[in-house]
Structures are given as structure tokens and as C-alpha cells.
Amino acid sequence: MAECHPVGFQWVTEAKQRGARVIHVDPRFTRTSAVADRHIPLRAGSDIVLLGALINYVLTHGLWFKEYVRAYTNAATIISEDYQDPEDLNGLFSGYNPEDGSYDKSSWSYQAAGNKKKVGEPGAESEGDAAEPHEFGAGGPPLSHSNVIRDESLQDPRCVFQLLKRHYERYTPEMVERTCGISADDFAYLAESVTQNSGRERTTAFTYAVGWTQHAQGAQFIRTAAILQLLLGNMGRPGGGIIALRGHATIQGSTDIPTLFNLLPGYLPMPEAGQHDTLDEYLDTIRSKKQKGFWTNADAYTVSLLKAWWGDAAKKDNNFAYDYLPKLTGAHGTYQTVERMLRDELDGYFLIGQNPAVGSANGKMQRMGMSRLKWLVVRDFSLIESATWWKDGPEIESGELRSEDIETEVFFMPAANHTEKAGSFTQTQRLVQWRHQAVTPPDDAQSELHFFHELGKRIRERLADSQDWRDRPLLDLTWDYPTDEHGEPEAEAVLAEINGFHVTGPDKGEPLSTFNDMRSDGSTAGGCWIYTGIYAERVNQAARRKPGQEQDETAAEWAWAWPANRRLLYNRASADPQGRPWSERKKYVWWDAEQQRWTGKDVPDFPVDRAPDARPDPDAGGPEALAGDDPFIMQADGKGWLFAPHGMVDGPMPTHYEPPESPIDNPLYGQQSNPSRIRFPREDNLLAPSALQPGSEIYPHVFTTYRLTEHHTAGGMSRFLPYLAELQPEMFCEVSPEFAEEIGLEAYGWATIISPRSAIEARVFVTERMTSLTIAGRRVHQVGLPYHWGVGSEAVVEGDAANDLLGLSLDPNVHIQGSKAAQCAVRPGRRPRGPDLLRLVEDLRHQAGLTVETGNARLTVPWNASEGQPKGKKS
Amino acid sequence: MKSLTEDTRLSAEAYAERAGTRKAFFTDTSICIGCKACEVACKEWNRNPQDGNLEVLGSSYDNTGELGANTWRHVAFVEQDKDRIEKARESGRKLVNLGIPSVGPPSQGGPGPAGAGQNGTAPPDTAEFRWLMSSDVCKHCTHAGCLDVCPTGALFRTEYGTVKVQEDICNGCGTCVGGCPFGVIERRDEGIIRAKTERAQSQYAQEIPNPGTANKCTFCYDRLVDGQTPACAQTCPTTSIKFGDREDMVEQARQRVAELHKQGMTEARLYGANPNDGVGGTGSVFLLLDEPEVYGLPPDPRVPTKDLPRMYKQAVMAASGMIAAVGLSFVLGARR
Amino acid sequence: MVEKPQFSSYYGRAVVKAPPWGDEIAAYLFLGGLAGGSSLLSLGAQVTGSRTLQRNARLTALGAVGLGTVALVHDLGRPERFLYMLRTFKITSPMSVGSWVLTSFSTGAGVTAAVEVDRLTSQRLPLGPLRPVLYALEGPAEAQTALLAAPLCSYTGPLLSNTAVPTWNAARDELPFVFVSSAALAASGAALVSTPVRDTQPARALSALAAVGDVISMKLMKQRMHPAEAEPLQTGAPGTMLKWAERLAVGGAAGAVLLGRYRAPAVASGALMMGASALTRIGILRAGIASARDPRHTIEPQKARLQARQADGVVHDSITTAG
């Protein structure tokens, strides 16, 4: 965190001053480790084993927070008797379909009361079909109702608690040592620290960034931590939780008001052609009126969004212009889109503040893909490598591309930087902070608002006389934002639209105060329901700047957090089932019996007048059905899910799989890698053989990618600045002294690193900060690679790109690529130039006998087709 | 022999009503995260040129190397194994046992009371490895060698007790460069790396300020006069660089080192807090975790001017001797 | 017993910096010494009525100090600001003291040399009514120059020693003696080159005294330093130069004393002695620069003296403290 979020790290420093213990788990010893109490190195990609072992430790030693778990999680819920665990199926869950790698989740569902009908049985939902994971918003598929069966004694072998215990039974400290390379002493230190620091009086927090997400089961890494934190009672409590370190370039904002293909603002899902052709079909997939919680009002959020976008053209009789919404025809993620480029299926592409030639996995695919486009628009401050690859990229040097043969027309549009435009940034803790314009952009540089507003204006002008229905969505957009004398749209006007306002009635034109004001009858408009309230009373709440020293630790008057300025989500859980704080020290939100309201240091994340002992009829559905002890108000049953019947496509509980390229066999199961991962079996995306398969000795070492403090992502904002470029001028790799000696690498000399995709060169830092680990009896070396450098001629400093080494394997839940654990070969010295580079890569591929099939088998356990499950169990 | 070095009380008289309290840095390297924000903030504020050859320097994550004309904050990185940590702990213990006066209760020799109490602070078993990080800066010495030897009077002491070059007076003679016991100040010569792009010719190109003159940290004098904090201290995220009145800074430093000693981290020590040291104490006090030379700092610096009276005496004697010798030569030579 | 300090450094990087002084400064050291020594010779010559020697020495003094000043100004980072040296007089700055010494000396040297030139050209210089003034100033100018001549030769000792450069600082007791001896050597050498043997007896005598002074003070200087501080004077290019400086000094002086009555050997000896002086200046300058570059020369002696003091019970003056 000190390495990549140094400014945020000041809070950790402060906490440490007050006696907090900081433990840093990471394959390499970074600047965070330098000031942590202990650094625990682990093998990249093995985190589920470590976290699962912590879960096992907690359950085995009875260290779980009993009242919390009983009341606030689904520990007691009984699961369908059809459910089968990886312990039974050699690494798979029940319901696997080897044809497409998906799961039929019906066997994971809650057992229903009474008629034994499974909760979540297909009715209006499509989970019986192999629904694409991107179809569902953040709440996942709904439960049709919440009549669950619970065993409060937690003894029933089919209750979640027992399933959890059984699932993680083999995740022992010995397994951790063997798989992660973590010593028993370090594991004991971690386990004791975390458990001793959790409970009524104390809470423990986990923070993470892409070290957890960028794996082929990254989402499950975080799930494991969530389970652990639920067991320890750390969720919804001050000083607890799991903190996703975001903040770079408002990444949180980019999923809130999304630039993701599968989301609409506020985590509503994008509709899919053929599945959600009508508004009702669409709404039925998001929510069931009979489930608890606030997703039941998704219709109000959706209609308000449509009203915001299409204004008067969105009417009740045309389903509020639902037909104007583009619909998905599959996965349109960045990597799938690159594939389309390579198939000549894409004409044009806009790159807005992104540098995929350097920053996206499988760099060659990115650049080759762009060379198939008809036109490319790059908006940035500098001529980043994604704008100049056609004349100075690696493929020009190697001869794979010739500039004169490339037909892509590249338009470079200069962009305004963050001080030259107004807008908002949303980061960790969902905090939205307003940024004011300090200076006008120079010359032709424009903000995104200005650019797209202008582009929209000009396109609409061209289409003004069109009779084609296809153009109506563009022409009917509300596009009348006020602009200043330079033509720059007023950012606050956009914010006001996002916040939402009343369209009709006595409050017409007034901003909405909360998302509860939203209606599904077209009387409200709102661009993003979770942001509603940010412009309440016509005050830009995100621009508030009351200094922290003048407020308590919640600092509710600095900026604005969604939803409704709640700083801590699920904070009902900071009080016990009777509504009293768990301890004086950790009081945060509690029930005021006199006022009959929830009160405290934060906005209660709960119906404010719902008494702790309220037990409404669960069939009521919606927020009304939430009981007084249902803190997890976005979950369909109001409880924290230790076992996730829905929401994750590759398993209700996280289970360890090896990364798609790995040095060892999966020690836990026969199934080697995530059977649901998204694969790209292609000649330009070959995989190294794993474990002890033939050919794996050609790429025997693990490599991992990461960031440095001095640079920012793909270097577009740092390698072009002399003051930053001089701090870390050259691409380098980090290796342990043992590894350096074995290979013959010289300190500060050169090394060539080769993967099945490409080969790069880097300066060599020999350091004890990289550790070589003993994994499953083998000595495994890890090579560390910062990924900030790219090949081009415009930056102050350039170098080979780590992403050229990475292949594409995506997490099936969120389509993020795995960039943290892969295999390589290492040689001393600089790499060959020109076509010789391709020969080197090809040579190793040939030696390893790589084909498109290598590493791409979904299943590595024998399959019994008639029974629809694996044969037998791993002995 | 009476010291010839500048009497720093005079600056208070010189400034009369503008005289302020002496300002200082306290750099607590134990919480430095090596982010180099201080280096960048300093360069941004002062428009210092980029320097260096844009190649890896071969010193861990330090590609800046040292303080100089164009770098006024420099972050050092030192990777150390267990052996080295033990030695540092031991040399620190020796310092304590020497009975060097300090404020506050003396710390125990060995690891302090096990910190596994309420706060759960880890007792400091000697780690296998540590990574030292430290942001170096001009010391703004009480008796400043650079200031003493400056012939033009360009270097002067401000009303904040800091040392600054008047860049419109300095004629670049370079004497101050040798006068600094810490190797800080340097003459800004040509030969700055130009960026590959046309940036140098563009309208946004940056002129190199004050070429040919001596340059060093100004303690952000232009910010101090506006009541602001120096850029490096302002930007440091962990408050490793603290800024304030010197008395406060020394007091905080003493408390912090005592705190670390109580935790058993006897390797912690102060550098520049002692008013009796060879430069009279510095305006930048450091908390180090090893010997100063590990960080590139001199172990026993002494402002050369302290010995100047004696040097002048020798020079006078030598001159007299020369006159006598010449005289004698004419006596001897006249005989022929 | 003080234990031998162990040496560590920050990646072998320099701790202190040497001033950015190059060959121009070496040239100035030599020329300044030559000027000062020549000026003293000219005084002695005037007193003993040795007109040729007096004239040659005065011209040498001006020529040397003129060239030296040009070198000095050229070495500045901002040569156009050379007059700023005279903004103030700071006793703590040998550079300031030296600037004033140099300026005053040069003025005087200029006057006396102008007189000589006028005499040489049989009073054909276009002086007009100023001639009497010039000649009236000759005496005071001579006195001024003579007064400042020796300081001009010896101030460069504190100039170099009043720095943190290890070898120069360690040489602080002996360096002025080395420099004045070297200056005397150069001046006598120049006299032997320029002046007929009839008038060179004093110069020949001075050669001997200067050479002896040079060799002895150099030896003492090196002996009294910490070995790590003396090393740059004994190794590498500076070490070679200083070795040759000694040889040339001894050889030249011997030649001057024994064979100085013959013109050719006198000239040769004179050249050797001037060479010796030049090599001494360059060698000491470069040795200092080398001593700053390698941190060992800074750290080892400092640690040694710190430990010695602490062993003696002096514990209150360390920059590193436990609190």
C-alpha cells in the first residue's frame, strides 16, 4: 500500500503510531513491508490456500464471533441436499457443464421451507440456463423468496456452517507451507494476530488491490477474505472490513457510472439481446419482489435512468424508451473486443486515457488488434505508445508489422488533465470528491465532457434529417447541457442530472434527496441511483471540505459517500441483535429505544425505524421484509453469505485452483485450474504447460507483475514527465540472490525473460526482497516485473513491456485478466533484436511442444458423462 | 581558540522585528516509505532541472544518488540482512552506554518489555531483512561551512535561522562546495539531460534557472515568508519529514528515539540534535537506524572554520618564513 | 585501545564534494606563487641595487598575476560577476581575504611594472602629466606589493584547507609552508630563466632554501595525516606528479646551486624548478579532488578521531546521539 497508495498509507502510519499491527502478505518485499511489523512472502496465486487455512484455523479453534455469525450470516441456513463439494468431486462443485465451463447453480440453492421447493428455482430467472455472468448486476441473480430453513445449533451436516467446515478442513498450516511457501511460524503469527484482534473490543481490516483481483479466480480470493471477516465479525464495523484500494483515476467511479460493458449506472446490469427484449423481462432478472432488500426497487432505478437519458421521449407507453438501450450480444469485454479486432469485425475504437499497448495483458494482441482497425481515436496528454505503435512499436522492430502496410487511421486528440477540468473522483470507501477547474486547458486540449458533448452535437447535426429508426436513440437523447464561453459543459449540471430530479408534480425540477424518492412511473429522472443525494438541496455535496480536525473520525462533512453519505456499509452489524453496540470502544451505530430510531456516528445503513426485534413477514418482499437483525440489506435474505447460492459463477465457496500457468500440481484436488475460467485458445495466446507436464521445464519460473511508487500504470502520466522518469528510468526485474546465481545474472546487468507469448529484456536487481520458496518439495523462483514501461519514442524513458509476456486468462465473474502468476524462462543478457526475437520465442515454444490445446483443457479430472460429474475422488 | 564562525545570534539582531524563531526539520526515517514525493515536490516548487543520465544507478531503488545543485531532497535506500541489523542494534546500545547525555529516562540495554500487550505492537525480534529509507537534505547547520567561506556574501542566514544562497549575487566560485562537511551544495553547471521530445523547443520548455551559480535547499524561504510549510514537509504523506520550531523538532526527536528504545529498537539514534557537535547542531535533525555513513552521512563532521584561526596562524608564519628566506638569500647571494 | 573502525559507506558514494576547480585553479596557484615570490625578489633586488633582477622580477610578477587572475575569473561559474568578490570582506573566508590580497597586490604590481616598462621604452609611454605621478607612486606601490607578496603565496593554504576536502583539510598545518616554498622555488626558477647569471646569486641561494623547505614540509605534511588522508598524495596520477615534483625540485635546485653560474644550466635548472612548482600545485589539487571522491578518505579518519576522543572520555561532542 505504501508502494502503490503512498498518500493513503499515511493513515496506516498513523494507526501504527497508535499501536496497530501491520502485516504485509506479498510475494515481494516492498516499501510497505519496510515499515510493516512483519512481511510474509507467499507464492503468487496461492492466496485462497492461506485465507482458507485462516478460516479453518478460526473454525477449528472456535475463534469465530459466535453471536455475530449466528445472527448476521447464513451460517445456519440449510443448503439443498443435491449440493456436492469439491471434497466429493475432486475439485468441482455440483452442476458443472464441461461443454462451456459453466455451473447450473440449482444444487447450490437454499433448501426452502414447506414444499421443499428450492429457493431460487428457475421461474422468471434464467439461472437454469447457462446465464452469462455479466448479465447480472451487483446483487447477482435474485432469490424468488426468502423462506429459508435454518438450524440454529449449526450442527446439521447440510447447514452452511458445517459445509464450510468440511470444505476447508484440508486447508491446514502444513498445506499452507507446502503450497504458499509460508512457514509455520509466519502462519501462526498471522492467525494469532488476526483472531486476537477481532471480537467485541477489537476489529481487524484487510486491504488489498490488484494483487488479489488480477487472477483467474480473483473474485474468489476476495470472497475468501469476506468469509473470514464474517466469521470474525469484522464486517460493517469500524476498523474492520475489506478495503479495496482504489482511487487511481477514479476507478471506483468507473464502475459506479460505468465504463464497464456489462453494467449500467448504479450496478444495474446491461440488458442482453434475446434475453431481455422487454423492460419487464429485464426487470424480472434483477429482482424478485419477494426477496428482501433494496434491489426490489430496481424498476424505479431503471426507469429513472431512462428518463434521465431520454427525457420526454421516454414515456410509459414506449416502456420509457427501453428499446433505445443498446443490448449485449455476448461478452464485450476489452479482451473479447481485441479478438473481434483481430477478426476484422471492428471498424473504430476510442482510447480515452488508456494505454493498452503497454497496460493490457498480451501486449502483442493489443497492438496487432489495433492494426486491424479502420480508425483509432486516442485522447491523452502525450503521444502514448497506443498512439504510436504503428511507427515505433515492438512489431515494427520485429518485422511483424510494417508501417506502410497498416491501414489504421490514428487520430490523436489532446486531453485536458485533472487540474484543467471540473468533475468528480470516486475512490475507496465510495467517497465522491469534487474537483474544481483550476486553469483552462491549453490550445486544443479538451476535457472528456467537452469532447463527447461536442462529438454528440456534431453527430446529431449530421443525423438531424434521418428517418432511420436506428438514429432515434441518438436524436432523442437529452443533450442540452449548459456550456461556458469555451463550450465546456458545466460539470455540476451533469452531477445534478446524475443525482436526479422530479420530472412532474409539485416538486418538478427539484433535486431528489435519496434514492427512495425514485419512482417507476416516469415521474423521476436520475442518472445513478446510488449517487442520489449528492446534489440534494442543490448543494454539491461532493465539494464539501470541512477539515477533518473539525469533525469526528467519521468526517461525514468531507465530500459525500454513496449511498446516502453512508461511510460504512452494513453498519447495522456494528450493534448486536438487540441494537446495543458490541462494545463501548467500537460503538458506531445503535438503536435508540426512546426515539425508536437507529442513530450513531454515521448514517444508519438500515431502515431507520426498523426495531431490532422486528420480524416482518418474509413474503412481504423488498425492504419491508428486512428483519431487525438483517444487516446485509442488499442480500436477498438480509444475511452475510458465507455460502453464496448465487452471485459467483464458479462456486458458492472459494476453493483453491492453481493459476493457469503454474509450477506445481494442485495439491488439494485433481482439478488443476479454475474450470470456469475464460480462456482464449489461440496461436497468439499459447500457454505454458503446468506443473510437471512435459515441457514445463522450459518455462520453470514464476513471474509476477506489479507497480512502483514512482510510476503510474502504463506510464502515460509518469514516463513523459522528467521529474518522475528520472526516479525510475529503466525497466527492471527483481530476483533473489539464489536465483541470480543459478541463472548467472549480474546485479544491475541485463536479463531476457521469455514466455510463450513473447520475450522482453530488463535490468536485473538482485535483492533479498524477492524470496525463492520451497513449494511442494520443489525450489520455486519468482521473478518480479514492474509493468510501467513500453516501447515507443515519445516518452522521456522507455523500455520493454511486462504485459507482452502475459497471456489472457480471465476471471469468469468479472473478466479481469490474471497478471499476477505466470511462468517464464530467464536468460542473462539482452534480448535479440528484430526477427531474431520471434525466433527465440518460437524456439522455446517448439522445445516445450506448445499447441493451442496446451493448458486449455477445462477439466483435468476424468469425467463421467452419464452421471454428469467427475469420476471418483482424488486419493 | 575562539571560533571564527558566524555568531548566529547576530542574525536575530540584524532582522530586528522580522526575526523569527529558528525553524528546523525533524526527519524520522523510521516511518519513511521511500515514496520520493519530497524529491518531486522540491523540484516542482523550485523548478530545478532534471539531472542524471536516465539510467539505473545501481543503488537499490535510488536512482538519484546524492544531493547536489539540482537535487535538494534525496531519498536513500539501503537493503540490509540480519547481520547488519544486529550490528546496528549493538552500535546503538553502545551509544546509550557511553552515557551521552539525553533527555528522558535511559532505555534498557536489551529488548524492551514485550509489546504484546493491549496494543499488540510486535516485539522487535531481529528481522531477517530490513530496507532503510531516508530523505536527506541540507543540514542548515548552526555553524555553516558554506556560509563561512563564501567570499561574495551570497550565502546568508535568514531570519528563520536557515542558510540560503542569493542567486543574483553568487558568481559561482565554487568555494562553498568544498566548505560543506556534508557534501550538499554544488555549482549548477551545464550538461543537463534533454528530453527526447521536442519539449525543449516547445513553449512549455523550462529554462534552467541560475546556471553557473551555487544551488542548494533554500528551506523554501519563499514559502516561509508567507507562513507556509516547506514543500517537502507539506507533501510527505507519513509525516516522516516534520517541520516546525527547532526546539519543538528536537524535543519530538528525543521523544521518538526514546519511544523506539523502549520497544527495544536500540539501533535508533539522532543525528544533528547535539548543540556541541562539530557544526553546533543542525537545522535538519534526523532519526537514523544505523551508523551515519551507512546513509552517506559523515560520522564526525566538523565545520572547517573552527580550525581557521590556527590555519591563519600557520599562514602568517609561513609568510614570515618566506620573507626571511628571501632576505637570507640576498645576504647569502650578496657575498659573491 | 581503540578498535579499528569498520568502514561502510553508501554504495561507495562520495560524502563530501570537492570544489569544481580544474586546471585553471592549478594554474592560478602556480602563477600566484610565482608572482608573490618574484615580487619579494624584486624588493630585495631594489634594496641591493640589482636593477636587471628588479626589472625582470617586477615584470614576471605582473605577468604572472595578470595571467593568474584571468584564469581565476574564467573558472568562475559566472565570470561576468567577478567584481562581486569585492562586495565584502569576510575574515572567515580565505577566498575573500585572498581576493582582496590579490587585488591589492595586482594594483601595486601593475604600478611597479608600468614604471619598468616606461624605463625600458625610454619613457615613450603616452603618460603625459601622469608620469610624475606614476614615479611618485613607485615607492608606495613597491611597499604595497612587497607587503602582500608573502600573504599572496601563503593564503592559498587556508583556502584549500578551510574545506571539508579530506586531504586538504588534513594538510592545514603544513600546507602554507609547502606553498610558500613552492612559490619561492618558482620565483627563483623564473629569475634564473630570465636574468643573466651576473645577477642571479640571490635566486640561486633562494632555490636551495626553497627546495629544502618544499621537501621537508611535504614530508611532514604527509606524515601527520591519517593514512587514508595521505593516500591520495601518494597514489595514482597525483602521487606520480608529486614524486616528480620532488625530483625536479631537488634536481633544479642542485643545478642552480652547483652550475648556476653558467647560463645554459641556469636556464635549465630554472625551468625544472618552475616545473616542480607547477607539478606540486596540480598534484595537491588533484589529490584533494580524489580524496573527496572516495568516501573512505572521509569516513575512516573521522571514525578514528571520533573513537579516539570517546576513548579519552570526550563524549559530549558527537553529532550522533542516543537522545
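Just so it is clear, glycine is given a Cβ too, placed from its N, Cα and C backbone atoms.
Together with B:C42, B:C217, B:C220, the [4Fe-4S] cluster 2 site in TrEMBL holds one more listed residue from B:C32, B:C232, B:C236, which is B:C232. Going by what TrEMBL states, the [4Fe-4S] cluster 3 site holds B:C138, B:C141, B:C146, and the candidate of B:C170, B:C173, B:C180 recorded there is B:C180. Ranked by CA distance from B:C32 ([4Fe-4S] cluster 1 binding site), the binding-site residues B:C150, B:C170, B:C232 have B:C232 at the top as the closest. In the predicted model, the domain '4Fe-4S ferredoxin-type' (B:23-52) has a mean pLDDT of 94. In this entry, B:C150, B:C170, B:C173 stand out among the binding-site residues B:C32, B:C150, B:C170, B:C173, B:C220 as having a C-beta under 8 A from a C-beta of chain C. Residues 3-6, 8, 11-12, 15, 18-25, 27, 29, 32-34, 38-39, 60, 67, 72-82, 85, 166-167, 169-171, 173, 175-182, 184-185, 213-214, 216-217, 219, 221, 224, 232, 236, 240-241, 272, 275, 279-284, 286, 288-290, 294-297, 303-306, 308 of the same chain lie 6+ residues outside the domain '4Fe-4S ferredoxin-type' (B:129-160) yet bring a C-beta within less than 8 angstroms of a C-beta in it. Long-range C-beta contacts of B:C232 ([4Fe-4S] cluster 2 binding site), restricted to its own chain and to partners at least six residues apart, with a cutoff below 8 Å, comprise B:C38, B:A41, B:C42, B:R73, B:S135, B:V137, B:C220, B:I241.
Checking the binding-site residues B:C35, B:C150, B:C176, B:C220 against chain A with a Cβ-Cβ cut-off under 8 Å leaves B:C35. For B:C150 ([4Fe-4S] cluster 4 binding site), the nearest of the binding-site residues B:C35, B:C217, B:C236 in terms of C-alpha separation is B:C217. For the [4Fe-4S] cluster 2 site, the Cβ centre of B:C42, B:C217, B:C220, B:C232 serves as reference, and the other residues of the chain with Cβ at most 8 Å from it are B:C38, B:A41, B:W45, B:N46, B:W72, B:R73, B:V137, B:T218, B:F219, B:P230, B:A231, B:A233. Following the DSSP three-state reduction, the secondary structure of B:C32 ([4Fe-4S] cluster 1 binding site) is coil. A separation of roughly 15 Å, to the nearest angstrom, links the Cα atoms of B:C170 ([4Fe-4S] cluster 4 binding site) and B:C217 ([4Fe-4S] cluster 2 binding site). Note: the domain '4Fe-4S ferredoxin-type' (B:129-160) comprises 5 helix, 12 strand, 15 coil (DSSP; helix = H, G, I, strand = E, B). Each of the binding-site residues B:C38, B:C42, B:C150 was scored by the other Cβ atoms within 10 Å of its Cβ; the lowest score goes to B:C42. B:C217 ([4Fe-4S] cluster 2 binding site) sits 16 Å from B:C236 ([4Fe-4S] cluster 1 binding site), taking the CA atoms of both as reference points. A Cα-Cα distance of 34 Å separates B:C173 ([4Fe-4S] cluster 4 binding site) from B:C236 ([4Fe-4S] cluster 1 binding site). Sequence-distant neighbours of B:C35 ([4Fe-4S] cluster 1 binding site) (same chain, 6+ residues apart, CB-CB distance under 8 A): B:P237.
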